[in-house]
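Here Swiss-Prot flags Arg17, Lys33 as site 'Transition state stabilizer'. Summarising the annotation, Swiss-Prot assigns site 'Positions MEP for the nucleophilic attack' to Arg167, Lys223 and lists sequence analysis as the type of evidence.
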Amino acid sequence: MSNDYYLIIPAGGIGTRMHSEKDNINRKIKIAKQYLKLDNGLTILDQTLKILLNIDQIKGCIIALANKDYLFTKSKFNNHSKLITTVIGGKKRMNSVFNGLKALTNLAKDDDWILVHDSVRPCVKASEIINLMNQLKHHETGGLLATKVVDTIKQASNNIVNTTIDRSNLWQAQTPQMYRFGVLLKALNTVINDGMNITDEASAIEYLRLKSVLVKSSKSNIKITNSEDLELANFYLTQYKE
């Protein structure tokens, strides 16, 4: 029996460090990053969904939204055939993803695959996601896209260097992070019940002492956190050929 692939997008962030949208009387208004417009006219979230929902292997999608999110109703993907439902995001990313997993309990089998992808990574390449699927299809747990660290890394206290970290075995985690449904559900349930604070799914898997596979990806798969990232994403998307 083949395994299905489901997508969870945690998009419940309400960070407002970037606010470039204007209202109908030309006032600047604060807006969550995932709803900022790219140069191609799409919001960051819609560009992200455009790439992922176009992948044939992905059967369905759950999106975790902020409690008072009114902007997703304007999304061109609001009624997409692959959108199973939206759920309310939690206080932290892990809670949002866990809520998404609970919404899949009547659909997904334990050995089906769950891809979790940041809503503000709109430059991910479909070919690299498919490569992730192919590399992990026989793995019992899962893994994630990542890039090798190339810069020299310093450990410091109060801006004073303590030591230089050996970068030869260091990787920078990206998304999607892809794990078996049953494993990821157990991992997130465990870290939440134990009061742990984690920032990605791979950390929850590590907490269960399970192993994740790193699959090399492009540095263009950036996470947009500031205006400089937004400019860089616009540049990368002009180079996007897929």
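Placement of Cβ uses the backbone N, Cα and C atoms for every residue, glycine included.
The number of other Cβ atoms within 10 Å of the Cβ belonging to Lys33 (site 'Transition state stabilizer'), over all protein chains shown, comes to 24. Secondary structure at Lys223 (site 'Positions MEP for the nucleophilic attack'), as computed by DSSP, is coil.
In the three-state DSSP reading, Arg167 (site 'Positions MEP for the nucleophilic attack') counts as coil. For the recorded site, Lys33 (site 'Transition state stabilizer'), the DSSP three-state label reads helix.
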